[in-house]
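Taking it in order: structure first as structure tokens, then the write-up.
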Amino acid sequence: MTWFFVSVVVFMAGHIVPGLLRGAITARIGHRAYIVTFSITSLFLLGWVIYEVQHADFIALWPYEIWQNHVTITLMLPACILWAAAIIQPCPLSIGRKKGFDPAYPGINRFTRHPLLLGMMLWGLGHILPNGDLVAFMFFGGATVFAIAGFWRMEKIRTRHMDDAEYKAILDGTRRFDLTGIAKGAFGWRDIVLGIGLYIVILWAHPHVIGVDPLAAMGG
């Protein structure tokens, strides 16, 4: 379990330190290089954390039941669609691209300003139930809290250099979370198609990468 905590500390440091030094780093290597380097490093560190979760001592908190896996499978579809929307649509106050955002047509931002983080929250929540051991609970529970806290953290970062007019224009037409946004055109057909495709890929890759077949687990 020691290495799990070490990996988590390094993962957190890998997000906090670059954020504090972002100005100096981007001035030296450029914004695009910073984003690419940060993304690759984050994925590597996340992979390390997941590895430690899989190899940590198992301390059971509750028994596994088949219905728990159904919750995970169900929540992962909207999570994937949210991730797809974060890739396709501009998200000026969150993780994703800012370029191309039109306050008159906020798209996904009518539903949530943070589709990637909301998807991460659903991913975390969905994986808590079928993984009823201490380390998995800390990992997925921590990821859920990390995603929720990111809503406010990302808005603070993204609005830091905005003028009042731009800030007001974005806030007026967007929401942190609003279910009515679904009926107001938050999702386009491309978001749904890419999201379903991503969902299928994850279901296929999960047994090969993680070692657990979620579809087989649904059948007991």
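Each position is counted from 1, following the chain as shown.
Placed from the backbone N, Cα and C atoms, the Cβ positions cover glycine too.
As annotated by TrEMBL, domain 'NnrU' applies to 5-214. Residues or ranges marked as transmembrane segment by TrEMBL: 6-25, 32-51, 71-91, 111-129, 135-152, 192-210.
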Review point. Which bits of the chain, at least 6 residues beyond where the transmembrane segment (135-152) starts or stops, bring a Cβ under 8 A of a Cβ in it?
Key: 1, 4, 8, 49-50, 52-53, 56-59, 61, 94-95, 113-114, 117-118, 120-121, 123-125, 127-128, 176
Check your understanding: the domain 'NnrU' (5-214): mean pLDDT?
Key -> 91
